[in-house]
Every structure is written in C-alpha cells, then in structure tokens.
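Annotated features, as they stand in TrEMBL:
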DOMAIN    10-126  domain 'Response regulatory'
MOD_RES   ASP59  4-aspartylphosphate
DOMAIN    155-201  domain 'PAS'
DOMAIN    226-280  domain 'PAC'
DOMAIN    312-445  domain 'GGDEF'
Amino acid sequence: METGLPVPPLVMIVDDRPENLQVLGSVLMNAGYDVIAAESGKRALHMVAARLPNLILLDVNMPDMDGFETCLQLKKMLRVGEVPIIFLTASTDTADVLKGFAAGGVDYVAKPFNGVELLARIRNHLELQQARRLQQEHAARLESEIRIRQRAETELRKLSSVVDQTDDSIFITNVQGEIQYVNPAFVRLTGYSIEEVFGQTPAILNSGRHDAAYFENMWRMIRSGEIFRDVVANLGKDGRLIYVQKTITPIRDSDGAIISFASIDKDVTEWRCAQERIEFMALHDNLTGLANRVMLMDRLQHAITSALRRASSFALLFIDLDGFKPVNDRLGHDAGDAALKEIARRFVSCVRENDTVARVGGDEFVILLEESGQDSAVADIAGKLLARAGEPFLIGDAECRLGASIGIALYPAHGQDADNLLKNADDAMYQAKYQGKNRFCICAR
C-alpha cells in the first residue's frame, strides 16, 4: 500500500452489522491500514472526537441515525470537515446519491463491494487529500533557501506524481491570474492543451453561466487569502458544458505572501445534470414540459404580490379540451399524448415569454397572463387560443380536431387569492361548456 502518507492511514468503519464490520476490517488490515470500528452513528461521533481518522467508510442504512445524518454531524465537528467520507450502500437511486454528496460525502461504493475496487478508491481519496495538503505546504518553499528548496523539490516530485495521475483537473495561475501549469486531467477534461492555455486566464473556460459579480467575488476571496469552494459551470474547447466542484487555494511563500493560486476541479457534470433533471421534474409536467401545479401556484402567488404592490391586474385562464376523450379512446394513449403535446406547443405560441402555461390535469391547462388584466386584451388572447386549439392536425394518418372551453378570472375583480381565482376560472370554464363548448366565458361574479 502506497498512499504518500507518513504513517499507515487510519480508516474508521461505521456500520450497524457486526458481520460487515468484520469483513471490511479484515480487507483493510490485510492491505496495511489501521482500522477502528463504530456500530452506530452516535458511537462514531464520540470516537472521532478522541481519535481522528484519515478516512471514514459510512453505511447509509442504519437505525436511529442514518448515514446521511451521521455525515452531516461529522462535518460539523472541528478537524473532521476535511476527512473524506465514502458511503457504502446497496442503493443506486440517484436521489440517494445526490443526498450523500449534499451531506458531504466524496464517493459511493455499492454493496456487495469489490475489495480491489474499494481499496483503489480509498487509496485515491487518501492520495488526493494528502496532495492538497502538500500542495500548499511545499509549493510556497520554491523561493526559499537552497536547503529548504531541495527538500521541497523532493516532496514536489512526489506531489507531481500524484497530481499527474489524479482524475481531478488541476491548474495553477500566478497572482495575475495567468495559467502557468495544468495537469493531464485538465487536458482530458477541457480539451485544451498546455500550449493553448499557458499565459491565458481561466476566463477561457467561461460558460456565461456566472455573471461578472460572481467572478469579482471569487478573486476578492482568494486574493485576500481565503479558499474558494463552489460548483462552477465551465465550457470545454468543444463547447461542452462541464460542471466542476472547484477548490481554489492561495499558495504562499515563506514570508506569507501569496505567489500563486491552485485550482482543483472535480468533474461533477453527471451529478449536476441529474440534479437539474430532478429539479426540472419537480416543477414541470413530465409529458409536455409545461409548468406543473406547483410552479403555477408559485407564479400565481408572485403575480398576486406584484399586482398588489403596483395596484395592477392580471388574468387567469382555465382551459379544458373539447373532444379529447374520443381521440384518446379511438387512437390510443400514445396518440392522446401526442395531441396533448401539440396543443401545449400551440398554447405557448399564443402568449408572451413571461406568461405561464401550465398543465394541471389530464386535458386541463391553466394560463397566467401577468400583464393582461383588461377584458379586451384577454378576450383577444382567448380567441387566439380557441383558434389554435381548433386547427386540425395529423397523428399518423389520422386527422384530428379538438376544441377548448375557456374560463377567465381577473384579479382582483374575481378573487384576491390563488384558490379563489382558480375556482372562479374553473367555474367560468364549466359555464363555457354549458353554453355549447369551444368558447370562452369571463367569470360573472
């Protein structure tokens, strides 16, 4: 076992099953690690206060205090914050993985584990942890006296080996922000060669996802000696969006002056994209991509607050499709889904970008027109919606034609809270159906 650490690393295992503690302990001790074991999260908290491990293997599913809560509590303790925590779990659910990373974990190992893979992951995280420490401890000694420089060069050769082999992208800039060094992982991740980026600033990776104030704050922090940590969206040479967990550390000389900055970037693109998908699904209809009821209610409450402040009005349209059920029954659910997506596209084309189109039921839609509170303007838009809904379209070889019944409620005339506005718009929609369908009715209250 070669980790670059001066003594055998100490690994803590936290698992409520004695058989798991025994198996894991044997694997680690045979590989040359010192091992301590805790049978619960609470026991682990007591033990690390007395003896700090170099790495923690943490089971997710434990009674009383699960692995996620244990991780959160460990990260709050002095000196434990920088200790790598690897979760052990039989679950591969994306939500659990995201929850583990959010709690402070650095990796996941699935049960049943492969001993060779587990040891390799432990070794990599210990080496990276040590590399980060050595980088700040030794890089600053390059300008000091010959004896210290020679010793630092020896350590830097060890560090260079780790830096060259790590999967994390690393680059170093001078105090002016000009790139002076990149490791092989940087080249693989970004697509840029050292020749292309040497002397350039990290702005070459700017994706446009962060504004100027964001980067001004970043430079202010590191130039004042603080460490900067955040998830940053970069742009690769090929235009690909790359999310990284970035840590920028100021490097000081023997006199304490900052001489360079080291950026370590862990590729978290897959995790971040999964997180964005989850966030999107929480607020959008899975079939049409429109806003769902949760987003609609949030936008509606915002519209009420804004209208109250500005003494303005807005309109809420409740739409139920006419003739949808026969299409769905005759052509099947796939055809029905295709019809709903086409209608959703048409409705979006009838309103402005800052208006909200939501699907709230099977064939029910709600449209929030935030700056259209006049009867005539709302009537014009409702007319466009009826016309677009009634245009024929093909599903396969079958021509389909739908209609729409639209109920309209105006704020504040027909309600001053979200529930009343929705109810009155819904009632007006049923009045439109009662009057013969394929028309709109404004709330009569």
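Placement of Cβ uses the backbone N, Cα and C atoms for every residue, glycine included.
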Helix, strand, coil residue numbers for the domain 'Response regulatory' (10-126) per DSSP?
55 helix, 24 strand, 38 coil
Looking only at Cβ atoms, how many others are within 10 Å of the one on the residue listed as '4-aspartylphosphate'?
24
Within the domain 'GGDEF' (312-445), residues counted as helix, strand or coil by DSSP:
59 helix, 37 strand, 38 coil
Please compute the mean pLDDT of the model over the domain 'PAC' (226-280).
91
So how many of the residues in the domain 'PAC' (226-280) end up helix, strand or coil by DSSP?
12 helix, 30 strand, 13 coil
